[in-house]
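**Student:** Sending over a structure as structure tokens; questions will come in a sec.
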Amino acid sequence: MSIRALIVDDEPLAREKIRTLLAEDPEVEVVAECGDGRSAAAAIVEHDPDLVFLDVQMPEVDGFTALDAVRGVRLPIVIFVTAHDEYALRAFEVHALDYLLKPFDRGRFTAALARAKERVYSDRRSADRDPVFELLDELRRERRGRWLDRLVVKARGRVFFVPANAIDWIEAAGNYVELHVGSESHLIRSTMKAMEERLDPARFLRVQRSAIVNISRIQHIEPWSSGEYLITLKSGAAVQSGASYREALKALMENPG
């Protein structure tokens, strides 16, 4: 039996190290590698791996968020890979989940791989779902205070509060971003990166460099030119995706949650 493995890390050298160590084991086949959380979620759906080496700290979409995006599919055995993060390490130990602390040596890697192989061979994938999702739920509760529930808009000498869930989509506008809320729009001074970091990734998805959409406001998605997609919102607005965000949309369509 060949164990199908997926490697996820935003650092090419880290992926290479894991790939090199796995190449020494004839029972393991690397089916894909990903450099970000968005493509990781899509790869889990597409390749159905038995085992994932998952970096925790990645920009934009981290390893935890990538796993949270695939709750509806059969979960692989996960070995978390992390730099020093006291909270994450405590969480892994509490939930009896395996992890590799960077920089790890061959002995630690071999031991983690042996435990993972044993779980794969004993068909523990279904049983392992519970502690992983318990961890994700705990992290979601811990992070809840991070996400914006409302945005402050200043206009015409007044201050308005716009609930985040009322926003259809957000568009870049120079040194500002434009909030599209039904038939209205509001400018606030911010960047797309800052907005993406403060909005709940379970509710908002960046689909191109200049656009973030509220997932609950999507009416339908259809293929467009050059492998991109046209996203039509319930408000009637249409937003075209960008090529570098294609995998995130695929993951959303395959596992809408």
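Quick reminder: no glycine exception, Cβ is built from N, Cα and C everywhere.
Remember, TrEMBL labels are computer predictions, not curated facts.
Just so it is clear, the model here is predicted, and its values are computed rather than measured.
Feature list, courtesy of TrEMBL:
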type: DOMAIN; residues: 4-117; note: domain 'Response regulatory'
type: MOD_RES; residues: D55; note: 4-aspartylphosphate
type: DOMAIN; residues: 151-255; note: domain 'HTH LytTR-type'
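Looking at the shown structure, what environment does each listed feature sit in?
**Tutor:** On the 0 to 100 pLDDT scale, the model's mean across the domain 'Response regulatory' (4-117) is 87.
Over all protein chains present, the Cβ of D55 (4-aspartylphosphate) has 27 other Cβ atoms lying within 10 Å. In three-state terms derived from DSSP, D55 (4-aspartylphosphate) belongs to an extended strand segment.
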